[in-house]
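Have a look at the structure below, then the notes.
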Ligand SMILES: N[C@@H]1[C@@H](O)[C@H](O)[C@@H](COP(=O)(O)O)O[C@@H]1O
């Protein structure tokens, strides 16, 4: 696991560099897209490179991490609509190239299995962008999630619903109680994981992720078993890291050609 500590705007550039390097080398790459506020600056930077420098997504595909259950098709906080607004509609993905779990499916189990199959049929995710919840969840894999889980329905914790109430006018009762989410094993199958976290509120989760014991109580700790993880954090999110100085020195001495 590589931990990079830098100011937030630089983190977005570093993540965008990884996406750009991948797309230029393999235009048919499969991206994994996350919602939440953490990746927004990355999406803005990718849109800028698309507009100003011709970075193209025309032959790429993308899979979303998760979706609320039961939000109407036109609800602005439905993750499918959020991803459309924040990135998909702002670059040149082909129609149908961005997919997400179907939070309105009648057959939930079938929809989850279909989603797993769609990811596998696309050849798997090359680069997965991730955020992290204050309780250490990734996608919507809440504490207690099986480290071997696949796409399924989950119940959101009170903490996550309170954290996300800001997107629902501050009213926690408007936040859905259930979601469909890629499982931890689904996420672990992606070839490169790029996780972004900023702000002091994420400091404990980031410490557990990088330095805690692997445990379902902090689901993101499963990433310690992945061979290619990049954790991009600002000073505040890094404030509880025991090895922060080592991570800083390592990144400062890293040759530029190495990439992430
Ligand atoms: N399902 C999403 C996660 O994918 C995201 O990582 C997390 C953190 O969000 P933020 O980046 O807004 O802090 O929020 C939600 O729960």
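In case you wondered, yes, glycine gets a Cβ from its N, Cα and C as well.
According to TrEMBL, the active site, proton acceptor annotation covers 66 (among others). According to DSSP, residue 66 (active site, proton acceptor) sits within a strand segment.
The C-beta environment of residue 135 (active site, for ring-opening step), restricted to residues of the same chain at least 6 apart in sequence and closer than 8 Å, consists of 142, 143, 157, 159, 160, 205, 218. Secondary structure at residue 135 (active site, for ring-opening step), taken from DSSP and collapsed to helix, strand or coil, is coil. If you look up TrEMBL, you'll see 135 (among others) marked as active site, for ring-opening step.
Marked as active site, proton acceptor by TrEMBL: 137 (among others). All protein chains included, residue 137 (active site, proton acceptor) registers 27 other Cβ atoms within 10 Å of its own Cβ.
Per TrEMBL, the feature active site, for ring-opening step maps to 142 (among others). Secondary structure at residue 142 (active site, for ring-opening step), as computed by DSSP, is coil.
For 9-226, the entry in TrEMBL reads domain 'Glucosamine/galactosamine-6-phosphate isomerase'.
What TrEMBL lists as site 'Part of the allosteric site' is 145 (among others). Listed in sequence order, 137, 154, 183, 184, 216, 219 are the same-chain residues at least 6 apart in sequence whose CB falls under 8 Å from the CB of residue 145 (site 'Part of the allosteric site').
For 152 (among others), the entry in TrEMBL reads site 'Part of the allosteric site'. In the three-state DSSP reading, residue 152 (site 'Part of the allosteric site') counts as strand. Long-range Cβ proximity for residue 152 (site 'Part of the allosteric site'), meaning a same-chain Cβ under 8 A and a gap of 6 or more residues, is found for 112, 180, 181, 183.
Look at TrEMBL and you will find 154 (among others) tagged as site 'Part of the allosteric site'.
Positions annotated as site 'Part of the allosteric site' by TrEMBL: 155 (among others). Spatially close to residue 155 (site 'Part of the allosteric site') yet at least six residues away along the chain are 142, 177, 178, judged by Cβ distances under 8 angstroms.
A Cβ distance below 6 Å to any atom of ligand 1 is met, among the recorded positions 66, 135, 142, 154, by 66. Every protein chain shown contributes to the tally, and the Cβ of residue 142 (active site, for ring-opening step) ends up with 21 other Cβ atoms within 10 Å.
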